[in-house]
Amino acid sequence: MANHDFHIALIVISLVSSINSIQSATFTLTNQCSYPVWTGLLSGASSPPLPTTGFVLDPSQSNSISIDSGWSGRIWGRTLCSTDSAGRFTCVTGDCGSGTVECNGGGAAPPATLAEFTLNGANGMDFYDVSLVDGYNLPMMVVPEGESGGNCNVTGCFVDLNKNCPAELKLTSSGSGSSSGDGGGESVACRSACEAFGDPMYCCSEGYSTPQTCNPTSYSEYFKTACPAAYSYAYDDGTSTFTCSSAGYVITFCPTPANSRKTTGAGQSAESSGSGSSAKAFGVSSVAVIAFIFTSVWRL
């Protein structure tokens, strides 16, 4: 009898494990921009495959996809896209180099605003952030929905950082950076200082590769002041990484300030706030350590 009960217990455990392994989260991508946005999706190593790696969202259009538990990866928006006479698809910002609407394993060419996820990570929690470490091309907001636990919070950046981007960081509509404040054309994206200058001090590399030696700069502070809940440089973990349990996620391009304030309950103006709420700081904790490992893997 005891042996029979033991086998039943094993079957139950196996069934529970199977159910957990096929759980999925719904990601809803919404475009509130006044122009089309072509999404890009990139899976991390050993992550389950996605049903799509890129698609277009016209203004006011949404698309929901189901992503398996255990997935990690990045989601971003591509802008100013077109197809040439040879049938090759390219974008001025966020291009993934595939030559098609589907990214097919290609990542975003910087500068690009990135939403980063690790689902069902440590203690079954989802870890997520919006990163401007690789620069910025358009506003983005991540909103958890239907969560059952965790330090869930809205995060992202709804400020247009292209308008006042420092001249030396501007990416113009011609696809090249502007070295001066005049005659450089319209700014369509704002590069990171690392991409613009290649200096280890800005890239957190070589002699600046630790949290103790890589500090915020005036350029990263431009991003952080406008968007306090988003990553601004490599070791900006404490105020930029959030966790949720059993949640779905709404990712909105060009979220309106009014909607952001309503969602978060904050009353800041679009000019003074990037996220509509103050981030929940984790401090130096296991969450920060895990987040550091997660972001470091992406930057290898």
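From the backbone N, Cα and C atoms, a Cβ is placed for every residue, glycine too.
Please treat TrEMBL annotations as automatic predictions, because they have not gone through curation.
Of the listed cysteines C91, C96, TrEMBL assigns the disulfide bond with C103 to C96. Per TrEMBL, C81 makes its disulfide bond with C91 among C33, C91.
Candidates considered were C157, C165, C190; the recorded disulfide partner of C227 in TrEMBL is C157.
Here the candidates are the disulfide-bonded residues C103, C157, C194, C254. The one whose C-alpha lies nearest to that of C244 (disulfide bond) is C157. Here the candidates are the disulfide-bonded residues C152, C190, C203, C204, C214, and by Cα distance the one nearest C96 (disulfide bond) turns out to be C190.
Of C81, C194, C214, C254, all annotated as disulfide-bonded residues, the residue with the shortest Cα distance to C165 (disulfide bond) is C194.
A gap of 11 Å separates the Cα atoms of C103 (disulfide bond) and C91 (disulfide bond).
Of all the disulfide-bonded residues in the record (C194, C203, C204, C254), the one with the smallest CA separation from C152 (disulfide bond) is C254. There are 25 other CB atoms within 10 A of the CB of C244 (disulfide bond), with all protein chains counted.
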